[in-house]
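Visitor: Mind looking over this structure? Questions follow.
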């Protein structure tokens, strides 16, 4: 096992992802790809006896971009986290300093790429389910390759309805021609992930597919590429977004909220046990399947499409759901998911968001400072649960301790819940969607389902067989499929 070494260290200005101020951070770039930032220069890096970092992410398989806006000598690190594009923005004082950082980061990223053993690339492994993945846990993931399986292309599907669209791509309801099964296909434009003339950006299966299986997580069936797109084919839950149902009914009973909350907790416990933080719990990411059980989706597309004019950097994330530690640009762990659970359960039981203001600056202030308030109609157990989940300090938050999900599961609000029955889908859903078939999209937004499907340009459903792998160097390994058809 190679010893992890510090390759480069020094002060960088890091731009906040939500509150867009620049904050000085002392960063260490390590040989394992970790890129960690501190408020102060760590006193000692010997024996790794240092305070926990404020920022901690991986530069493995990242794309690097230089820009002179909004400040001179800025650089952006962009990578794909599961199927969502994320960016981090930094600036330094001189072009020479920026060049040093870029070369160091690129050298580390290239070194990691070369460490993938060839026999691992050849091996076909069974993957039943995929789930949102933390970029830093690539080594822990099982992979599935298309070798030994028929190649999947865009021609294998009928394109039925547009389910969502955003800055980086769109999600379409498709039918697999061979099986008649319905899926949601998330299509990302490569150009937003790789710029022309930039360093090759490789997507390996270990990054994208994780061998996870859970009843309340959306499964990934296939991933493949065309010359200009990346395509993720995911399980399709057609009972509608919880957001859709809640907006119709305004508020759910505590029993109904308890049912959905328990299924979300079960899924989060599963992800956390695999060192994956979901980070994006919000009503729009919670679907119901045809039986009325929860499915946590990964259709994230930066729906807002709000772009910062200076950097053309897209604002991703629904600000109402952001946890205080995310706003403060501190590194965040599993507790961020318990905050997200608190927000969605508050919405379900109270019929409104815990913190809201149209002005984002004011909203962020409320999230960071405002005390939570409850309607009089709420039971003491519900108030206690929500107050615990919505604690500002992640260390004090319910679920924020070492016992993680167990703290939430043992809260008295869930006293009537048999957690084994939850995971085995034995609880009767409080609402069964009125869908007549798998293709019934009555619970999806008319704004999308009424639109016709256009993939521009329409004639570029590439025949990938005509493209030799060396002609598409950016994504040489990007095609695989779950090896079992259910």
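Glycine is no exception: its Cβ is also placed from the backbone N, Cα and C atoms.
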Visitor: Looking at 423-454, 455-486, which one does Swiss-Prot call region 'Disordered'?
Guide: 455-486
Visitor: Taking DSSP three-state, what's residue 163 (ATP binding site) in: helix, strand or coil?
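Guide: Looking at the DSSP assignment, residue 163 (ATP binding site) belongs to a strand.
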Visitor: Could you please provide the mean pLDDT value for the domain 'PH' (5-110)?
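Guide: Over the domain 'PH' (5-110), the predicted model scores a mean pLDDT of 83.
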Visitor: Distance between residue 165 (ATP binding site) and residue 280 (active site, proton acceptor) at the Cα atoms, whole Å?
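Guide: Residue 280 (active site, proton acceptor) has its Cα 17 Å from the Cα of residue 165 (ATP binding site).
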Visitor: Between the Cα atoms of residue 169 (ATP binding site) and residue 280 (active site, proton acceptor), what distance do you get, rounded to the nearest Å?
Guide: 18
